[in-house]
Amino acid sequence: MKIKTISGAERLSLKRSIDAGTEEQRKTVRSIIEDVKANGDQAVRSYTAKFDCIEIDSPLVTKEEFEEAYTSLDSRLLQVIRQAIENIREYHERQLQSSWFYHRKDGTMLGQKVTALDSAGVYVPGGTAAYPSSVLMNVIPALVAGVERIVLVTPPGKDGLLSPGVLVAAAELGIKDIYKMGGAQAIAALAYGTETIEPVDKITGPGNIYVALAKREVFGDVDIDMIAGPSEIVVLADETAIPSEIAADLLSQAEHDKLSSCVFVTDSMALAETVSAEVNKQLETLPRREIAEASVRDYGCIYVAETMVEAIETVNTLAPEHLEIITQSPEALLGSIKHAGAIFLGRYSPEPVGDYFAGPNHVLPTNGTARFSSPLNVTDFQKKSSIISYSQSAFEEHAESIAAFARLEGLEAHARSIEARERRISK
């Protein structure tokens, strides 16, 4: 794993560019979306056959498939899923916002009305892999928010079936509307509807570049959570950290994808050299060695700063999806961290704890967007309406000022809207 010393000037070049896809990929996605809008289920079936190599006549998961999923899933794993649900729900319930109102002395009442979205569509990656954790992390905040209709889509395997873990996770949350479809065609079906699926108000969940581009295309007609890029981890550590643990944590993200980013930031060259050697050692025995090696080679790096203050500045420049702080006193550094999707404090809080079990959401901003965005949360499934109720006395007191403001902007009809009421009051 390559090692670099880092200075203030060099930090400016660290930001990773966002993969917006090629023009050919964007054209393909637009074509798929238009086809689904025009031809509905027929188009979805056609693309499922083309891309997933399976003919699916009826994409809706049946009651029998749910029953088979429960039968085939190990009882221990069922308990793990249920415990994770409890943890995730407990955390997200603390995010729930309520409507509020207040009154001024002149009789004015102002407020904010909080309302859950009517519907949401969740995309869960599938095909060759299974991600029941994605079901939990996307569905639970929507349920806590009060979303009434939640639809889930996920690509089928080559046998036309879905992962038992995914089905059981959904069933444990009361989600029955699950459709075997993936890719840009599934995003289009959620956004615009087909004969089988009613359109939804918001689409969440990660996917490949075609899913990401499709979400970008439909945004505005529906809401989306974010455009997720490859997974990222930054580990910030001092000489008190254990090198083998740091290496294991870096590789936990490197094995996700050849495009995943794994970065170690420290103020100790000795630790940097030991961790680099440990990464190479652990790579040799990884089942997903080819993927992890490509990630480490192309997007992995160890940055050595002169001081911990400079190391923290490097972290804030990177604005990573996941940040682990493994130092003598990680809590003391927390206040200096400005930009990170999720922050894991101490050696007993490695990133997989948050991926699956702790409670906070694992749908996190990537590609440096933690500078201005947040993890998926309950408020993403709520919307707010401003409430304004002026009393007659308040209106009379401020009417002249409001009309003057309208004319300042050259909007005469606005001013007359105010004055029409003034005249009626004065009669």
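Cβ coordinates are placed from backbone N, Cα and C, and glycine is handled just like the others.
The annotation active site, proton acceptor is assigned in Swiss-Prot to E321 (among others) on the grounds of similarity to another entry. The Cβ of E321 (active site, proton acceptor) lies under 8 Å from the Cβ of S231, E232, I233, A340, G341, A342, L364, P365, T366, A370, each of these being in the same chain and 6 or more residues away along the sequence. Taken residue by residue with DSSP, E321 (active site, proton acceptor) is part of neither helix nor strand, so it is coil.
Other Cβ atoms within 10 Å of the Cβ of H322 (active site, proton acceptor) number 28 in total over all chains. Residues annotated as active site, proton acceptor in Swiss-Prot: H322 (among others).
If you look up Swiss-Prot, you'll see Y123, Q185, N208 marked as NAD(+) binding site, on the strength of similarity to another entry. Under the three-state DSSP scheme, Q185 (NAD(+) binding site) falls in the helix class. Of all Cβ atoms in the shown protein chains, 29 besides its own fall within 10 Å of the Cβ of Q185 (NAD(+) binding site).
For S231, Q253, H256, H322, D355, E409, H414, the entry in Swiss-Prot reads substrate binding site.
Annotation for H414 (substrate binding site): same-chain Cβ neighbours under 8 Å, separated by at least 6 residues, are A403, A406. What Swiss-Prot records for Q253, H256, D355, H414 is Zn(2+) binding site.
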> If you count Cβ atoms within 10 Å of each one, which of the binding-site residues N208, Q253 comes out on top?
Replying inline: Q253
> From the centroid of the CB atoms of Y123, Q185, N208, the recorded NAD(+) site, which same-chain residues not already listed sit within 8 A by their CB, in sequence order?
Replying inline: V153, P155, G182, G183, A184, A186, I187, G207, Y210, V211, A214
> Across the listed substrate-binding residues, S231, Q253, H256, H322, D355, E409, H414, what is the farthest Cα to Cα distance, given in whole Å?
Replying inline: 56
